[in-house]
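Visitor: There's a structure below that I have some questions on.
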Amino acid sequence: MRSTDTIFALSSGGLPSGVAVIRLSGPASGTAVEALCGRQPPERRASLLSIRNRNGEKLDDGLVLVFPGPNSFSGEDCAELQIHGGRATVKAVLAELATMEGLRAAEAGEFSRRAFLNGRMDLVEVEGLADLIVAETEMQRRLAAEQSSGGLSKLYDSWAKRLTHARAMIEAELDFADEDDVPGSVASAIWQDMQTLKQEILNHLSGVRAGEIVRDGLKVVIVGPPNAGKSSLLNHLARRDVAIVTEIPGTTRDVLHVDLDLDGFAVRLYDTAGLRETDDLVEQEGIRRTQRSMAEAHLVLLLSAVDNPDWAAFIEGYDGPVVRVRTKADMRDTAWPAPNADVMISVRTGDGIAELLDRVGSYLPDLDQGSALALPTRHRHADNLAAACAHIEAALAVGDRGLDIQAEHLRLAGQALGRVTGRVDVENLLDVIFSEFCIGK
Ligand SMILES: Nc1nc2c(ncn2[C@@H]2O[C@H](COP(=O)(O)OP(=O)(O)OP(=O)(O)O)[C@@H](O)[C@H]2O)c(=O)[nH]1
Ligand SMILES: [K+]
Ligand SMILES: [Mg+2]
């Protein structure tokens, strides 16, 4: 792959669609547009032009825009063709571009990768953009918007700046250590700030779990004995027939999941095989899968259709939060609430469902509704932030006898922060990060 290639791709979604956007990036973008449209349109303004192949046959009329580098999405010369989103139309224009000298189809994430390499976005912003594209709930959108628009990067950069400043002050102190008239108090203010910085990073890190739940969804696993009504509950909440429901115990074997939107948060709800002693090999495997899902759950909904004095036996080994749900409330005339249950529901009548959702909602992160969501969203961030913290801690622990060792720890802390935004040492990460994107992004 040469970075001087000009790349092109369909950047809008699935076809057919009202409008399809084909994007180009690279030095031949301008000549490609000229070849297709017969002339060079004005910069950054939409021009309605006919798009023709090399034989002069019209392929479509469309809006054509050119964005000269470096002030473009990728930092290179870019162009956009907004054409009709019919499959054949798009195919014809893409085929015509492919015949042109120096042009080739883009790989997944290649536009964003070029934007990163040209300094238009840092890694945190790139990851935020990937999240923004797939965001389905309001909280996912807010988190990704904050990240992709540079809010989080700004925070990390400000921390890196404080580390650099501290190192500079230490260097100054080292250089002038022999001179009596340099006040030693310069460094003491620095250590005060490093103490504060460490605490700020730790506070930020305490949001890792919330960030992961917002981004990936709260994992809620429905478990219980066969025929408790687990699949029925999943279908009811999903409002469609996702799982097979029969009166035969042991119906569900594979773990199924649906994504729900609860108060703007993503909730991933899992239906599992009923738990019981069984000789059936397939059912045994289903039960193993149930236990695996439970191990990753943020919350377990433990269902039972009968009064169950020994709920805990079903979830042995799981020590996270549990909501005990008594099902099929329509089938008996016993008084509410059921003993030994937190909630009583019926998917027939809908009774108790709102209360159950309230309960689930209480396990969502408690985030300020109005403010920006500046939370770490990935292990990659958390690991590097924790490393930065550990280096600051180490610097603080050395004490003022070893200024040069302290400076080195602060340098390593800055490097760890730089790895989050991609300012240093991330070449090997790029393939992983950009492969998250689809083609055209
Ligand atoms: N009356 C009534 N029947 C229910 C209710 N919920 C589930 N059922 C019935 O209970 C039976 C078992 O329901 P499922 O949803 O398949 O139960 P399950 O827990 O998924 O069962 P397995 O997958 O076999 O472990 C079905 O016949 C459902 O129609 C309810 O709220 N009221
Ligand atoms: K069943
Ligand atoms: Mg089932």
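Just so it is clear, glycine is given a Cβ too, placed from its N, Cα and C backbone atoms.
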Visitor: According to TrEMBL, R23, R120, K441 bind (6S)-5-formyl-5,6,7,8-tetrahydrofolate; identify which of E76, E80, E171, E393 is listed for that same site.
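Guide: Looking through E76, E80, E171, E393, the residue TrEMBL assigns to the (6S)-5-formyl-5,6,7,8-tetrahydrofolate site is E80.
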Visitor: Out of N203, N227, which is the one TrEMBL records at the K(+) site of T246, I248, T251?
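Guide: Looking at N203, N227, the one TrEMBL places in the K(+) site next to T246, I248, T251 is N227.
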Visitor: Minimum Cβ neighbour count within 10 Å among the binding-site residues R23, R120, K230, K441: which residue?
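Guide: Comparing Cβ neighbours within 10 Å for the binding-site residues R23, R120, K230, K441, R120 has the fewest.
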Visitor: At a 10 A cut-off on CB-CB distances, which of the binding-site residues I248, A273 has the highest count?
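Guide: Neighbour-count leader: A273.
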Visitor: Near N227 (GTP binding site), meaning Cα within 10 Å, which of R23, E80, R120, K441 (binding-site residues)?
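Guide: For N227 (GTP binding site), the binding-site residues whose Cα atoms are within 10 Å come to none.
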Visitor: Taking only the residues the record lists as binding (6S)-5-formyl-5,6,7,8-tetrahydrofolate, namely R23, E80, R120, K441, what is the largest Cα to Cα distance between any two of them, in Å to the nearest whole number?
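Guide: Farthest-apart Cα atoms in R23, E80, R120, K441 are separated by 18 Å.
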Visitor: Across all chains shown, how many C-beta atoms besides its own are within 10 angstroms of the C-beta of T251 (K(+) binding site)?
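Guide: Result for T251 (K(+) binding site): 18 neighbouring Cβ atoms inside 10 Å.
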Visitor: Summarise the domain 'TrmE-type G' (217-365) by DSSP state, stating how many residues are helix, strand and coil.
Guide: 41 helix, 33 strand, 75 coil
Visitor: If I restrict to non-local contacts, at least six residues apart, and a C-beta distance under 8 angstroms, what lies near E80 ((6S)-5-formyl-5,6,7,8-tetrahydrofolate binding site) in its own chain?
Guide: S11, V21, I22, R23, L24, L63, V64, L65, F67
